[in-house]
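Notes follow once the structure below has been shown.
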Amino acid sequence: MYVNYIGLFAFVQISLTLAYPPGRVEISEIYDFEESSSYKGQDIDTSVLYTLSKRKPALVKRSTDASYAPFNVTCSNDNLLRPASEGLNEGEQSYINKRISKVNSELRSFISKTGLNVDLDKVVNSSDGPRLGIAFSGGGLRAMVNGGGAFNAFDSRFESDSPLSGLLQSAMYISGLSGGSWLVGSVAINNFTNITYLRDNVWNLEHSVFAPHGDNVIENLNYYNDLRKEIDQKKHAGFDCSLTDLWGRALSRKLVDAERGGPGITYSSMRNQSWFQNADYPYPIIVADSRLEEETAIPANTSIFEFTAYEFGTWDNGIKAFIPMEYVGTHLLDGVPPDKSCIHNYDNAGFVMGTSATLFNSFLLDWNENVKKNDTYYDILHAILEDLSKHQDDIAPYPNPYQNYTTSNTSVVNAFEPYDTIDLVDGGEDRENIPLWPLLHPQRFVDVVFAIDSTYNDPYGWPLGSSIVATYERVVTFNANKSVDVRGFPYIPDENTIISLGLNTRPTFFGCDGKNTTAGNHDVDNNTPPLLVYFPNYPWTYYSNISTFTMSMDDKMANGILENAFMSTTQNNNESFAVCLACAIIQRSLERKKLSTPTQCSSCFQEYCWDGTLATSTASVYDPTVMSAATTSRAPSGTTSGTASSTTSSSVASATPTHKHWWDSIFEAKENP
């Protein structure tokens, strides 16, 4: 991993000005410099940078037309909170209603293409046809790019043939958290464009957010100056700023196709884009976790918050209520703004994606276990991180819309009652690194979920099923007392079984029998938990198990991960696997309508469904090897088939840089999902 010294130091400089009040620490502003400066392109050390930063500007500072600052508007309704008991938001329901005919048409086309022998008029019809959701896990750039490869496999716009082509267009919902939120958010906010365009024109993968202009010192300084000015706009408007503001503005420049990452572009503004107005693609949802001020770790029953184009809120615990997305940032008392005015522009697209990915903040707070006290940067990093932790700046603060709010379930306490702000953190910090939760609510009637798992599990960075185990445990533990509102979940085995049986070496189906789930042995209906299709990251053609904190990729790495994910998702373009996915998609519809299972599907379920077997011995350490060529029609179980590379993922050079920097110990110290 490579992070430029100059970029990192400037990042810390700006963070210091945010963390410390005037008078405690004086850090001069970073100025623009003339392009003809003698320092242009030089790899100067940080002491020179600090001297440069104190100079007078050679040019007038660049201006920003759009402001990052939230502002006041007249509220459209006195009571802004919508109770979850009302079901779906009216706007979301309208979107889904408009999309039903398009989804059914795409599903019919896909199923017909597979040759599955089924009566489509009975299985795919009206609003009771199959509903597909696709969930993209967290995991930094690894998750964004690996998820992008799976996205390509499902997308009919992708230039390479895929037997799964059209499944993206067949989906009703798409969700993402952390690195997966970068994928979902970047696609959605850029008019639901395709991955190839984003990779080539927007993501700028070859350069880190610390130094997006490589070794060009002048441009990097201008970049940080722009970040500083944008955050100052929000701060001067009277709003608390956190490290997430800085992170979000930096991320925006890699994810939003607009000048300086669109400081005035909001997440809710996607409603104005043509794809959204036409309901052409799945409805996007971004996920974050809540953390109370006194908590240092995320409890298993934390409230999971979701961001959609129409609203922000949670279906969980003592809240179960939503505020319109365009009014996020408005402080409410019992659902009403005290001064009859609302905040607008707080739902900045970059800030939302940064909120779902505050894991970056967490790694900074773990630095002190790894940086030596005699290091050049010890004092300055120690000072900023100590202050950030003390002031809860390792989170994303949102003005609290839930003060004095009581739901109809008075037996459950509103945990956010005492606080002026709600603190949100990375959506994977509760161990549920795949955003399945929004797709389990009964109001959305999702029949099947594709879970794209790019999680980094120890020891070698491949997913071991920990995320789906965590979701299963949350459902079993908390659904019974009605503190959460989901339909249940398929039974999921322990991680040892997942590894021992090779369930993480290929796509695996869970919950194939709708009568055998945590919801109990009942006739299958719209309240039955969805069937889960688990797609783990696996080395078909490339070692894609790079660190979560990898900040840049060259073309070889990016293309390698994209291709590997495509091959893993399609099972080497296996048309038989496409038939089995069609079976998974229609299974709940067949069960609900009491239709017989096609013979082809029975064979598929024998091959891909977990049959309830539990491992009785301890699994070996999971360290798969990459295939030098994809020569088989399906992924191996336990060991690779075909011609295998002799290099294991634990030693692969392409995923581990040979040139190490002092900060690498920080990034590698606590490899989270």
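Every residue, even glycine, has its Cβ placed from backbone N, Cα and C.
Scan Swiss-Prot for N-linked glycosylation site across Asn301, Asn526 and the hit is Asn301. Distance between Cα atoms for Asn72 (N-linked glycosylation site) and Asn272 (N-linked glycosylation site): 21 Å, as a whole number. Taking CA atoms as the reference points, Asn574 (N-linked glycosylation site) and Asn516 (N-linked glycosylation site) are 29 Å apart. In space, Asn516 is the closest of the glycosylation sites Asn125, Asn191, Asn194, Asn516 to Asn301 (N-linked glycosylation site), judged by Cα positions. The most densely surrounded of the glycosylation sites Asn516, Asn545, judged by C-beta neighbours within 10 angstroms, is Asn545. Checked against Asn545 (N-linked glycosylation site), the glycosylation sites Asn125, Asn191, Asn194, Asn404 differ in C-alpha distance, with Asn194 being the nearest. Across the structure, Asn125 (N-linked glycosylation site) and Asn404 (N-linked glycosylation site) are spaced 44 Å apart at their Cα atoms. Note on proximity: of the glycosylation sites Asn191, Asn194, Asn404, Asn516, the one nearest Asn272 (N-linked glycosylation site) is Asn191, by Cα distance.
Summarising the environment of Asn125 (N-linked glycosylation site), the number of other Cβ atoms within 10 Å of its Cβ, over all protein chains shown, is 14.
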